[in-house]
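Chemist: The Zn(2+) binding site annotation in TrEMBL covers A:Cys96, A:Cys99, A:Cys136, A:Cys139.
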Number of protein chains: 2
Amino acid sequence: MNAAEIREFRDACSAAGIAVTHQRQVVWQALRSMHGHPSPEEIYERVRPRIPAISLATVYKNIHLFIESGMFREVSLHHGSMRVETNPEPHHHLVCRVCKSIRDIDAETLGVAGKPRRLPDGFLAERYAIDILGLCAKCQKSM
Amino acid sequence: MNAAEIREFRDACSAAGIAVTHQRQVVWQALRSMHGHPSPEEIYERVRPRIPAISLATVYKNIHLFIESGMFREVSLHHGSMRVETNPEPHHHLVCRVCKSIRDIDAETLGVAGKPRRLPDGFLAERYAIDILGLCAKCQKSM
DNA sequence: CTATTAAACGATAATAATTATCGTTTGTCA
DNA sequence: TGACAAACGATAATTATTATCGTTTAATAG
Ligand SMILES: [Mn+2]
Ligand SMILES: [Mn+2]
Ligand SMILES: [Zn+2]
Ligand SMILES: [Zn+2]
């Protein structure tokens, strides 16, 4: 809305090497104005009042560009389908953001321990699931 | 395959209040024999040589039953669609396994800190994503 | 060891999320 | 002010998952 925000958006686009389009800016501002963890559909519904003719595909394309360029992040990586854990031992995961591989790592090797005291809003913790996001050795080489 | 495993499967079924069927047992054994984090399709392909007539739907149904009854777990909860993070601050999440709500929690409140030293296989860590899985206050009451 | 009955199964249609295609429009840059 | 690649909208296609429904099977009571 304001000038500083528009400048920030333009700078982010040029840093990412993408064009400054009206649709892109409105999607970006919608995300800026939203709280929580919206789905593409929810973002679409937020954008539609401003650009009634926008396509859901455009929203998807721009979300992906924003994530690739680091302007926003995904809450958790999608693997395309559900995955079943076959390792019954308590452990955590190394997840590669490029090839999406998942490797087990036990809490000891990881060096984080200890359940917390009390959680906000009376949340009852049953399990800690730590994903370390990054690059596997193979994907580091191919860059 | 062996008697002890079959006994374990039968006990788990009766504890879960579900019938002992041939298909169910083969899916269970397939999961037992697999490593890593297989998808329903991969489990299906593993089961097919033993029961060529099995339906993919049956594999899905049994995976869900196994997860509901605690015989296996999902690698990470599915929210049905991708979610975009709107909070630019580093933080973690409280995820309710019943209503699938996601609440932000900052690392400080959580009381876990510290990047680890070196990760196995040359994995390059870029970000820690901690999901605390459990029950939100509302879902605790409705039980 | 049967008969009853609810649960489970297989086939397949339906749904939901996401991606691909393609002709048209619009930024970018010289 | 063009030329051209990038982006857009419409929509078809794909993928993952779930629902439906007629048939088969496991549980169990007698
Ligand atoms: Mn694992
Ligand atoms: Mn968050
Ligand atoms: Zn990788
Ligand atoms: Zn809940």
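Glycine too: its Cβ is placed from the backbone N, Cα and C atoms.
Remember, TrEMBL labels are computer predictions, not curated facts.
Values in this document were obtained by computation on a predicted structure and should not be read as measured data.
Quick one: how deep are these features, and who are their neighbours?
Modeler: Non-local contacts of A:Cys96 (Zn(2+) binding site) by the CB criterion (under 8 A, 6+ apart in sequence, same chain) comprise A:Gly134, A:Leu135, A:Cys136, A:Cys139.
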Chemist: Excluding near sequence neighbours, so keeping only residues 6 or more apart in the same chain, what lies with its CB under 8 A of A:Cys99 (Zn(2+) binding site)?
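Modeler: Result: A:Cys136, A:Lys138, A:Cys139.
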Chemist: Among the binding-site residues A:Cys99, A:Cys136, A:Cys139, which sit with their Cβ under 8 Å from a Cβ of chain B?
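Modeler: Listed binding-site residues passing the 8 Å Cβ cut to B: A:Cys136.
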